[in-house]
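The following block contains the structure, expressed as structure tokens.
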Amino acid sequence: MNTSFTRKSHTFLPKLFFRKMSSSGAKEKPELQFPFLQDEDTVATLHECKTLFILRGLPGSGKSTLARLILEKYHDGTKMVSADAYKIIPGSRADFSEAYKRLDEDLAGYCRRDIRVLVLDDTNHERERLDQLFEMADQYQYQVVLVEPKTAWRLDCAQLKEKNQWQLSADDLKKLKPGLEKDFLPLYFGWFLTKKSSETLRKAGQVFLEELGNHKAFKKELRHFISGDEPKEKLELVSYFGKRPPGVLHCTTKFCDYGKAAGAEEYAQQEVVKRSYGKAFKLSISALFVTPKTAGAQVVLTDQELQLWPSDLDKPSASEGLPPGSRAHVTLGCAADVQPVQTGLDLLDILQQVKGGSQGEAVGELPRGKLYSLGKGRWMLSLTKKMEVKAIFTGYYGKGKPVPIHGSRKGGAMQICTII
């Protein structure tokens, strides 16, 4: 017997019955096993983030059930925007351009209010539509979690014909199916820090840059940061590393380029990646480092976190002889014309030198730990006490290009920033 509840079947059931069914059923049904529903650490961590859950799937596949469960789990501070409420029939967006305009205005309104958990319930089968949503997430600094039903019939058009509330035919459903058959891969996967953890780490990085810039040992090495034509008395490192990530910080695991990068699909298909998607983790920061090109934080991965670290990242010669996961880092800033990928390479360069027996010269103590000069304008602050930061494992789906970053409650554009 089919125990799923479509809009048609649960309309006449008491709300109390549905609430009882959904909360208990979520623990038992395999199709409802998602970390953001089952794992209490993840639920608590998501309350500290701004997350846009984008549901994808054919009509009748179980999206609305998932949407209601997310609303129920997160209570206050949660809003759902459903295409159904705008009388949008799944199919061509061109037929409902005005309805989608109203939907997007309402969604953006919730973003401006800093609603912690937003749920968008629609088929979301078109790449162009998803790109619009990802751009909005960038503008309002929301992390994205794509959610697709795990029901056995999610791609079975014959069954979905009977389940969907719009009475779409099997042929109608088949037209929507191609955009939903393959996993939608991000620009990259990674751990995305909560807002509080991002602010804490960003502040620690800024303080380090200020302390380093004022340190007498650093002032003697300014030639690595300033050309010969410039004055060499002092350098404002916070301004020097002006290319900084807006919003939440992150630690990249796998660069996917939306599925075009080597090994991207294989990585995304790993059971541990699927199981961990949308789950909370606690990352450990052991050191802060600066080179003439980048500023970053070294991340020490646990055995559990290393399962999400792609093996191909440890193949380049820069990683040779180093433990798996040595490249794990959070980019705090880049110098002009430097790409964020350089941060990990700079860290590997430092670690190779340390492995070779040259930890550098200890030049003093800072409030958070011991400062080392490694030559060539490279500096590392070894933290006396490791920093623990909370993060969600998910993907970044935007374009990674400059976008107008909107203020939240005050509204309006604040600045143009690049997602890095």
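In case you wondered, yes, glycine gets a Cβ from its N, Cα and C as well.
Just so it is clear, the model here is predicted, and its values are computed rather than measured.
Sequence annotations record features per position, and here Swiss-Prot assigns phosphoserine to Ser9, Ser169, Ser227, Ser239, Ser358. The phosphotyrosine annotation in Swiss-Prot covers Tyr110. Feature annotation from Swiss-Prot assigns active site, proton acceptor to His250; the stated evidence is experimental evidence. According to Swiss-Prot, the active site, proton donor annotation covers His329. The cysteine methyl ester annotation in Swiss-Prot covers Cys417, and the record cites a curator's inference as its basis. Marked as S-farnesyl cysteine by Swiss-Prot: Cys417.
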So which recorded positions out of Tyr110, Ser169, Ser227, Ser239, His329, Ser358 end up within 10 angstroms of the residue listed as 'active site, proton acceptor', measuring C-alpha to C-alpha?
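If one measures from the Cα of the residue listed as 'active site, proton acceptor', the recorded positions that come within 10 Å are His329.
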Measuring Cα to Cα, how far is Ser358 (phosphoserine) from His329 (active site, proton donor) in Å?
21
Within 10 Å of the Cβ of Ser239 (phosphoserine), how many other Cβ atoms can you find? Include all protein chains, please.
10
Of the recorded positions Ser227, Ser239, His329, which one has its Cα closest to the Cα of Ser169 (phosphoserine)?
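That would be His329, nearest by Cα distance.
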With Ser239 (phosphoserine) as the reference Cα, tell me which of the recorded positions Tyr110, Ser227, His329 is the closest one.
Ser227
Within 10 Å of each Cβ, count the other Cβ atoms and name the one among the modified residues Ser169, Ser227 with the highest count.
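Checking each of Ser169, Ser227, the winner is Ser169.
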When DSSP states are folded down to helix, strand and coil, where does Ser239 (phosphoserine) land?
helix
